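Some features that TrEMBL has for this protein:
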type	residues	note
BINDING	91, 218, 222, 228, 236	Zn(2+) 2 binding site
BINDING	123, 200	Ca(2+) 1 binding site
BINDING	157, 191, 193	Ca(2+) 2 binding site
BINDING	167, 169, 182, 195	Zn(2+) 1 binding site
BINDING	174, 175, 197, 200	Ca(2+) 3 binding site
BINDING	293, 337, 385	Ca(2+) 4 binding site
BINDING	339, 387	Ca(2+) 5 binding site
DISULFID	286-471	disulfide bond
REPEAT	283-332	repeat 'Hemopexin'
REPEAT	333-379	repeat 'Hemopexin'
REPEAT	381-429	repeat 'Hemopexin'
MOTIF	89-96	motif 'Cysteine switch'
SIGNAL	1-19	signal peptide
């Protein structure tokens, strides 16, 4: 029997919340959900205690710890943003290392590991399951000395199985949309094993379920000794997020983590004609050379997009949240070219290549994506580089490098006489526009690492791209 272990449970909860801030959540069902979440993931007890003459709520302390981990505003109260994070599909291993059931660094004593697939899910063909498992393991062997060999009988280092409810360990699954899977840290016995909940729907590439490759790759990270990462772009981030598996590259944060345990892949020759793929690195708001992909307002909040992630913040707030685009809008593209909010219909439009998506809350509006030509743009336009809704004219400006088009939201058609040069409307703006938005009557046009502030018909200031982001 194993002395120490660490369990990773992926919790699938349906995300249906609104983005408007609410001071506190009072609904008992949601309060019970939060208590259950904190008990399982943050070691919360029932009792309260007194400190310096006052009663300290255990729940308040654990809420604050959870908020700090996810880089939320630390209030110690169950507000809407905290509940929103709790409702996202995620891995149930404790996020604070001090509360892990297997504290310390765990690794295999050998780089040659075996795995065995004990059974299969009927959701996918056997070939799809096997392919998903092989690719999930290859994610880690590509960057380390680890090598995996499949065996078909006996006990492997990593035993892989699908089961429902009570499936033979001390952690029974709880049916659909509950615990998706769990895995154990390296150790004798059950260590390294990965179990997947048969009551869930696993898929090969479809987003109509949980992509097995992504779930398995995350679980195998734990089976190899990795804990959770606070980096929202990392594979080992607690929250599940769908990604394009055909272009998936292990993020740099995960590479750094696994190589700190096992080292680099010694068998990977340096081939200048076949360089290593560019690994996603989570952007830093303090980077003076930061070039944003898109900026938009959303119900009073500011969203700043970069490399498949976005920052979400209140204007001039010292707190910001960072999320994967796919974690909020699974049907949206992984990264975008432009975005704007339309106050006339409460939709946010995002652009990628020659397509446009309309988002209502966390859902893609019916009938989208559509081609850019549906807005009246010429078919020769390959991409929209920036967009904004002009509050004064009520028109939407669509930028294509150094020219722009004017779209009439009311008439749902493009205005005549366009495109026009950007500097005809914004004197002094000779650069290509890469992002744009309006705030409090001022227009902000981005080009490279600089932001140009316009007001009163003239250029007022040139600022860094991260002017509105806390640093």
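Placed from the backbone N, Cα and C atoms, the Cβ positions cover glycine too.
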Would you list the DSSP helix, strand and coil counts for the residues of the repeat 'Hemopexin' (381-429)?
4 helix, 21 strand, 24 coil
Measuring Cα to Cα, tell me the gap between residue 339 (Ca(2+) 5 binding site) and residue 293 (Ca(2+) 4 binding site) in whole angstrom.
9
Please report the DSSP secondary structure of residue 195 (Zn(2+) 1 binding site), reduced to three states.
strand
Which whole-number mean pLDDT does the model give the repeat 'Hemopexin' (283-332)?
86
Which one of the recorded positions (91, 339, 471) has its C-beta surrounded by the most other C-beta atoms within 10 angstroms?
339
Sort residue 293 (Ca(2+) 4 binding site) into helix, strand or coil using the DSSP assignment.
coil
Reduce the DSSP letter at residue 339 (Ca(2+) 5 binding site) to three states and note it down.
strand
Residue 175 (Ca(2+) 3 binding site) to residue 157 (Ca(2+) 2 binding site): how many Å between their Cα atoms?
27
Spatially closest candidate among 157, 182, 222, 228, 471, the listed recorded positions, to residue 200 (Ca(2+) 1 binding site) (Cα to Cα)
182
Name the residue among the binding-site residues 167, 182, 195, 218, 222 whose Cβ has the smallest number of other Cβ atoms within 10 Å.
167
Write out how many residues of the repeat 'Hemopexin' (333-379) are helix, how many strand and how many coil, based on DSSP.
4 helix, 21 strand, 22 coil
